[in-house]
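Engineer: Sharing a structure, written as structure tokens. Questions coming.
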Amino acid sequence: VRRQLQSTEEDAGPERSGGSGLPGWVVMLLQSAPPIVAQGVFLAPMDAMRKIRAEKSTGSLTAVPYTAMVASCTVWVAYGLLAGDPTIWLPNVSGALLGAFYLATFAMHLAPGVSLRSHYACAASIGACTAVCFAVLPTAKANAVVGYIGVFLVVVMFSGPLATFQTVIRTRSTASLPPLFTAASFLNCLLWSLYGALVIHDPFIWGPNIAGLVATIAQIALFAVYGMPPNSPLGATPSVAFSQLRKSPV
């Protein structure tokens, strides 16, 4: 594993860092801004956790987004390490830890007879597969396999917005969409798309984030058509939005 990490810079080469042709300050901005904005996305479920602890119940919430957060961030940590890129792996460390905290909080307040074993098994399987790729495969091949796993998880998470779009159109109300969180998601996907396309030229980064950008633009269009959520200047809470995971965290 150590040899893999040492050889990463050679495998990645100037294509990932020095080959962008951008001014140094632009590169520095795109290396620092996406991880910072991503933390806001990762912290979004805190409101839901406070509500769960206060009510001592998970209510109608599902653990799927928190399981997906743990699995996805773990995969992107491995991808970033293989690529030798702290801009990718460093922010996802906190994402994986926060996801584990959210999942543990959720598990502590489950109704009697309800189990998260399938969630644990899914996250553990993805983590084990990623770890094997990281430790056994050559760096270039491991990077590709882990990248595809990450993209697959993003595709799975994109299934959430479909139901939301249908609800908004059916009810002609954006009550289920959070304006501030949608804006944060837009900025997050935009910054990661720019970083992936202009700085490191990595389709595993810019590809899913451009898809997420399109999804958030569609949500903004819904606000333009149906207006802001009624009875609240801020709309739905970020915890509601996060339960429908609509973009790539990296």
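Cβ from N, Cα, C; glycine included.
Pasting the relevant annotations from TrEMBL:
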- 22-43: transmembrane segment (TRANSMEM)
- 63-82: transmembrane segment (TRANSMEM)
- 88-108: transmembrane segment (TRANSMEM)
- 120-139: transmembrane segment (TRANSMEM)
- 145-165: transmembrane segment (TRANSMEM)
- 177-198: transmembrane segment (TRANSMEM)
- 204-226: transmembrane segment (TRANSMEM)
Engineer: For the transmembrane segment (63-82) and the transmembrane segment (120-139), check the count of CB pairs under 8 Å (sequence separation 6 or more) and say whether it reaches 3 or more.
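Structural biologist: Yes; at least 3 Cβ pairs under 8 Å.
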Engineer: By a Cβ-Cβ criterion of under 8 Å, what residues six or more beyond either terminus of the transmembrane segment (22-43) are in contact with it?
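Structural biologist: Distal contacts: 69, 73, 87, 90-92, 94-95, 98-99, 184-185, 187-188, 191-192, 194-195, 198-199, 242, 247, 249-250.
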